[in-house]
Amino acid sequence: MVIKYGGNAMKSPELRRAVAAEIAALRDQYLPVVVHGGGPFIERELTARGLSSEFRNGLRVTPPQLMDVVEMALCALNKRLSQEVRGAVGLMGRDSELLRAEVLDPALGRVGRVTGVNAGLLRTLLGAGITPVLGCVAVGPDGEALNINADTAAGAVAGALGEGIIFLTDVDGVYRHYPDPESRAAQLSRAEVEEGIAAGWIAGGMIPKVRAALDALDLGAPFATVASGMTAGVLAAAVRGEAGTRITP
Ligand SMILES: Nc1ncnc2c1ncn2[C@@H]1O[C@H](COP(=O)(O)OP(=O)(O)O)[C@@H](O)[C@H]1O
Ligand SMILES: CC(=O)N[C@@H](CCC(=O)OP(=O)(O)O)C(=O)O
């Protein structure tokens, strides 16, 4: 299964250690692949350099000089995460063309649209008992880096592997009345997701998550769930359908 680990749910080392232990515990039953983001870590690196960025439709506008900082921040985080998860190997999407992409829209700079996943290499690693931890920087046709939203990257990996996906974030799932956790939807159909986006109750960073979930389901992923990476035992519960919001076709 694919676990998308979002930057907002990895702010403290304690949280990361708890999630890392849960991922390692899954290895007895499942073959986990971790795809991670790291928005807050990118922000910190940009700020330290006196740089800033803007988002359009949830995507960071990434001119080439910002791309260098994004890649550096995500590479450093990738090493930290892969060392925290027992039996993991950290890789970026650029390694062995694990993630191939093309420029999505020149107006967004080095932001990519995924065109291919090296699923063979991921399966080889899984077959050898290794847990791949994958950072969301892809290789473009020119061999240079492209910045991929981590939800999109994770959805593409789940689709390519035909595996289920759990998006770990900083809320318990998709709320019908954000920010009221009591309003968490246990399940949402495609039609409900589209209605939520159109009506505005699914907004901001939740939009790429639900869209990536639907894309993964379209490509054959057996399930796609959004759940909290801040709650103990969440992965096992989400697999059983007892935590988070399951997106259904
Ligand atoms: N309907 C909703 N239910 C829950 N969260 C929502 C909803 N609409 C928007 N959000 C926002 O989406 C955020 C999660 O996305 P994001 O910040 O991109 O997280 P991550 O770093 O894990 O990818 C939540 O913290 C919340 O602010
Ligand atoms: C194109 C684009 O927006 N890329 C994201 C990649 C990181 C990410 O998605 O991190 P989270 O999962 O923590 O949000 C960015 O630059 O922030």
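Positions of Cβ are set from backbone N, Cα and C atoms, glycine also.
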Candidate sharing the substrate site with GLY38, GLY39, ASN147 (per TrEMBL), from ARG16, ARG60, ARG123:
ARG60
I'd like the Cβ neighbour count for ARG60 (substrate binding site), meaning other Cβ atoms within 10 Å of its Cβ, all protein chains included.
21
Model confidence over the domain 'Aspartate/glutamate/uridylate kinase' (2-220) (mean pLDDT, whole number):
96
Relative to the mean position of the Cβ atoms of GLY38, GLY39, ARG60, ASN147, the recorded substrate site, which additional same-chain residues have Cβ within 8 Å?
GLY7, GLY37, ILE42, VAL70, ALA73, LEU74, CYS136, ASN149, ALA150
